[in-house]
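S.K.: Shown below is the structure under consideration.
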């Protein structure tokens, strides 16, 4: 069945100036799709994987194609960017598509169950695709958003497919639908051999926890506004619109606001004021009134305070397992006979759904807590005595479900672990997966190996063997270009590839002028002199520093460096036009911190995405499933010297994010020289293997001092040193005072324009390891 001529004539139009690489990308994405529905889903998946949702965008440079700039340069935008790009990609392959703009469903009016409040903040755009025999079908192009009435159902039927048969439901979808999916998948799992079933069951509750994300959209929107650029911070109307869902959440939890009662009176009324969030709600109500009756453009500082308080309350309300409309799973999953491990919210959910009881804690519990398991607890096999765990909750289980036994408790959470061995149900209130839960890994192993019956047959040796085999099969006789920075990650990638394919590998080392002291020379000496690798060095120091002139925003610095790296790499790679593959040192932590369609972005990692698709390279990322400690083990197995394997983690943007504020050559010299002294003294003290990462940073501040007989007004240097295993969490390192004293004296005496040293004693979280 063909598309009508009128549809083809109108909805296949494309600008004559459309860059060829956009059309080539469309062909690559849709290649292999058997139906039109497959093609649409392929484009959706590509955009979700390769572009980031953000409200912080820019206009493309003059003469630049809007879609080309989005797909190959910025790779970030909001609904207009995603929907326009999807339409162009589909039309490029002869699939009629059109752009639709309207409004989302808004928020339920807490005072009227039959009405919804729709504001300008709910404006949204999406895509409609033409299907012969069915007509125009709506599709959501923007990651994290879902069509209110579902998308493409008839189109999927015409293709003989069910659009949600093999993937979990979108997080904005109905909870009942999500629960049905989990139940169906679990029943399918139950038909498989026991080890596979057990392993899948271990992941089952993780999927159940993901259902919570349907309630995260208000919090995510508030978080995006907090990151809004200074030049265009949202006005009063948008701020109030973003924070309005907080009132709806409060109404669901505490009951609706009676007619005629002001928001301030509602915040002061029982049970709102009597709750543990009463003080925060009262301040939020007062801030709301000041904003409502204040100027159209409130001060940025006041707006940020308001958004932070709104975000805090949004997060608090969305985490209440006993609240009306709280995300649940179908209780039938607990009767499948498969082992289930509930963690934090998962424990509360399990208790609530199995007729236990969950209440708000009088004392919230965030951070370290001491715990001791009762004898015979299945999760604690081989774990004796009291040990530290990491808590993060404001609610707790106050009554066990029938058939469960108490396994452990803390001062603030008397029921901190529970189990029902007969039904294979286990739960803990703390987070065993983080390193601050010192015996947490043992508990996870007990669940997987002892309870589920899984086998731990993965080793670093088999990983290297399998990876080398995969690289050889993928590359064949082709050539690989590796982006080498001199850091641990790219160095290990280079060594692994060299071990696999030898002279088929060429490394490109771009010296952007933001490296540590002596690092550029060390890279060339090691890889060319010792390993006899092909390394092409590109001197781009002046180019990068000129682009950073006058820029003080950390995220903007990261983007500039990442984009400029792409431009330099793009230009220089043209001399390697016979190379088919590109390798880079992306780790699992890079992917996590850069975010996904449903996860907040902590920082943008320049290794994750970003390289232009028209470079025609196939990407090789052999370390993307590993953490830093595992990468070091790979390096040792590949024969890299200790000086490289145990080199300090170093961010892609280099010293630019260790110079807070604008980057200048003078400031870089201060950081280089002070960091060199720090590393020397740490090594002399024998602490270089004990401390996971250590460096100096230059805050954008000066202070008064006295040196000799003269008054000085010079920079302060910050020292950051942390202990960690995988970089996901970290604690500040307890460096001996005498070592810190030596470091301080040397920096002040040997580095010009420095008169004060400070030591950072903040853990991750709440801070990140780097200062920017």
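Placed from the backbone N, Cα and C atoms, the Cβ positions cover glycine too.
Below, the features straight out of TrEMBL:
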BINDING   485, 486, 487, 488, 489, 490, 491  ATP binding site
DOMAIN    458-647  domain 'GMPS ATP-PPase'
TRANSMEM  194-213  transmembrane segment
S.K.: Taking each of the binding-site residues 490, 491 in turn and counting other Cβ atoms within 10 Å of its Cβ, which one has the fewest?
M.R.: 490
S.K.: Can you see whether DSSP assigns residue 489 (ATP binding site) to helix, strand or coil?
M.R.: helix
S.K.: Tally every other Cβ atom lying within 10 Å of the Cβ atom of residue 486 (ATP binding site).
M.R.: 22
S.K.: Which one of these binding-site residues has the most other Cβ atoms within 10 Å of its own Cβ: 485, 487?
M.R.: 485
S.K.: Tell me the Cβ contacts of residue 488 (ATP binding site) under 8 Å, same chain only and six or more apart in sequence, or just say none.
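M.R.: Sequence-distant Cβ neighbours: 628, 631, 632, 635, 644, 645, 647, 649, 650.
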S.K.: Mind looking up the mean pLDDT for the domain 'GMPS ATP-PPase' (458-647) in the predicted model?
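M.R.: Overall, the domain 'GMPS ATP-PPase' (458-647) comes to a mean pLDDT of 81.
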S.K.: Cβ within 8 Å of the ATP site centroid (485, 486, 487, 488, 489, 490, 491 excluded): which residues?
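M.R.: Result: 484, 492, 493, 585, 647, 650.
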S.K.: By a simple count, how many Cβ atoms lie within 10 Å of the Cβ of residue 489 (ATP binding site), its own Cβ left out?
M.R.: 24
